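Asks: The structure follows.
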2 protein chains.
Amino acid sequence: MAGGTRELTVDLGERSYPIYIGTGLISRTGQYFTEHGFPVKSPILLVTDNSVVDLYAEKVEESLARAGYKVTTAVVPSGETSKSLEMLDELVGAALEAGLDRKSTVIALGGGVVGDLAGFVAASYMRGVRFVQIPTTILAHDSSVGGKVAVNHRLAKNIIGAFHQPDFVLYDIDTLASLSMREVRAGLSEVIKHGLIWNKEFVAWCDTNSEKLLALDPEALGYALYEGCKVKSIVVSRDERENDLRAILNLGHTIGHALEAVAGYGELVHGEAIAIGMVGSARLAAKFGYSGDIAVETERLFRKFGLPVRIPASCPTDEIMNAMLHDKKFAEGNMVFIVPTAIGSVEIRNDVPTEWVTDIVDGLREGNEHP
Amino acid sequence: MAGGTRELTVDLGERSYPIYIGTGLISRTGQYFTEHGFPVKSPILLVTDNSVVDLYAEKVEESLARAGYKVTTAVVPSGETSKSLEMLDELVGAALEAGLDRKSTVIALGGGVVGDLAGFVAASYMRGVRFVQIPTTILAHDSSVGGKVAVNHRLAKNIIGAFHQPDFVLYDIDTLASLSMREVRAGLSEVIKHGLIWNKEFVAWCDTNSEKLLALDPEALGYALYEGCKVKSIVVSRDERENDLRAILNLGHTIGHALEAVAGYGELVHGEAIAIGMVGSARLAAKFGYSGDIAVETERLFRKFGLPVRIPASCPTDEIMNAMLHDKKFAEGNMVFIVPTAIGSVEIRNDVPTEWVTDIVDGLREGNEHP
């Protein structure tokens, strides 16, 4: 399409789909719909949140209208609480009132919350309609690949959901300009994660280009999102339903999720929590006999990107351990960790002694700079 | 397994599954779980309703316990109102509290409502866990094949759902003894439907064996359920996602659904409404130039089974027509009818003039016995 637009295919057989990464893309949303053969007769539901709607919804709506599509916009409150069955109910009501049929499309315009919620609407409305993602955060480069969509339950996050692949993803780098610096850093944490699990050259490239990335240089950012999506796409295409390999994407997430659960609201965002978790996993590698350099390098890299690498003093070790032992990912009661074996490769371990984990959590505590 | 147990495979590639039809099956539920390799470590959620729980739940629970499985039973109120997001929320809570993990199973013990609801729990809990159906109605022979699961929205039935195939179906004919005669007749209406769309020999067999079927003779009933499931299974395996062929299963449903929507609660049950609808479709066949004998035969057969073949006086034609025009199945605004071309075969028509339909609805009205 436009000069400089990168295209990546997520290879999932008949559910394969392209990700377009570039600038100025949302103003061409309608063209993409036309090129993908979406019928103009079937109405579209555009789902977005109240922090994004004023910035980008009009451009998307106008572009779709120019191409002949009828679009209805539904705005949900920003934040995790919108990932609820109540909101699903409301959006299905909006879809019905807008006349969406089985050939219709649900668009997610926003970050991970909007993607997860609108994705589950698309997965379940009439047992599944078309889905298009227009991510507006760096972090969403992760959630836009792989088709995992869900809402939360009072007792657990992401527990009600589906695997529902989008028809395509429109990644407009221009939309990232409205992110706060903290969101940029946290988003890059997931980008770097993809390097750490699969591609050491890309890790080295991120290291060299940290300044450009933090300054949102479009060319550097486009390349980094492309490479990040590519790693995730390779992993997902080999294990769509998360039976085995896909678990490696959880590098840093065992400790990270526990930190998110224990830390007070706003103290740690997802990308920050997993940065600390990745340092923890790298230290675990040393316990398994892999090089101690992995932890040193990992920590240096995250520091360079301005990301936290220590557990806040407000999170007690016993609460963190408790949260980990209740993580739903532990089928049949084993603690599972993704452990780096070198920069750019990992292995899945379910033989991690609890004492090692306690030890590492203690060592990562703020104030324990020299454990 | 037991002597006289019939087994049928629904052929859906890697999602293929068997249906076991016979007597005394629920007391062997645990053996079936073991033979299918379900892990004993992963807890089971048994979903049933308050009209079924006292009759059969204990047998299922005991059999599972004997085989080493841990099972928690959740009881929902009988009836369509249980197919709601609120009930999904409750059942997911029950699943979490019972400790269900990704290798766990949700069992539906009951009729179509329980199957649809528990099936959607299984489809969405942790993005999909195992699902086993133990139908206790004749009508459920239809819903237990094909994987269509859903809950209702205030504005539309079955609008929030998924395609989620069971791992196996345990059809215990003994459980049908608790059905009312009205439920038996209405269930047989769907069985006969499967003959009418695909298998004229089976229609003739039903005609000959009507007395045995209405008397719930186990051998006759087992055979009829097997043949009914087989037709549905052939159709579903050729079109799992309801893109084209699967529409033929809706014979009688265009008028039938409209009648259900317009008739007061309890006046017509599903099987009765589609019996009237099938007579309507057969009369439509004559308008397209097919033999008038189709309608005569169809009507005679349903009368023999004690099913209604006329629209109740309480349902005005204009309301029925209005309900049909708002049916969600009409993608892009065309009225779609399944029209018999002979007994045992049908075609999909989307070129039915509205006037023809009005004419047929008028002609099917009670009191219009000689149109």
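Backbone N, Cα and C define each Cβ position, glycine as well.
Just so you know, TrEMBL annotations are computer predictions that nobody has curated.
Pasting the feature list from TrEMBL:
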DOMAIN    A:74-185  domain '3-dehydroquinate synthase N-terminal'
BINDING   A:78-83, A:112-116, A:136-137, A:LYS148, A:LYS157  NAD(+) binding site
DOMAIN    A:187-329  domain '3-dehydroquinate synthase C-terminal'
BINDING   A:GLU190, A:HIS253, A:HIS270  Zn(2+) binding site
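Could you tell me the structural context for the features on the list?
Replies: A 10 Å cutoff on Cβ-Cβ distances gives A:VAL114 (NAD(+) binding site) a total of 29 other Cβ atoms nearby, all chains included.
DSSP classifies A:HIS270 (Zn(2+) binding site) as helix under the three-state reduction.
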Asks: Does DSSP put A:LYS157 (NAD(+) binding site) in a helix, in a strand, or in coil?
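Replies: Once the DSSP labels are grouped into three classes, A:LYS157 (NAD(+) binding site) ends up as strand.
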Asks: Can you name every residue in this chain, apart from A:GLU190, A:HIS253, A:HIS270, with its Cβ inside 8 Å of the center of the Cβ atoms of the recorded Zn(2+) site?
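Replies: The surrounding set, listed in chain order, is A:LEU139, A:ASP142, A:SER189, A:LYS193, A:GLY252, A:GLY256, A:GLY271, A:ALA273, A:ILE274, A:GLY277.
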Asks: Counting only residues 6+ away in sequence within the same chain, which have a CB under 8 Å from the CB of A:LYS157 (NAD(+) binding site)?
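Replies: Listed in sequence order: A:GLU80, A:LYS83.
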Asks: Summarise the domain '3-dehydroquinate synthase C-terminal' (A:187-329) as counts of helix, strand and coil residues per DSSP.
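Replies: Tallied per class, the domain '3-dehydroquinate synthase C-terminal' (A:187-329) gives 102 helix, 1 strand, 40 coil.
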Asks: State which of the following binding-site residues has the fewest other Cβ atoms within 10 Å around its Cβ: A:HIS253, A:HIS270.
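Replies: Per-residue Cβ counts within 10 Å for the binding-site residues A:HIS253, A:HIS270 bottom out at A:HIS270.
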Asks: Calculate the distance in Å between the alpha carbons (Cα) of A:VAL114 (NAD(+) binding site) and A:GLU190 (Zn(2+) binding site), and round it to a whole number.
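Replies: Cα of A:VAL114 (NAD(+) binding site) to Cα of A:GLU190 (Zn(2+) binding site) measures 18 Å after rounding.
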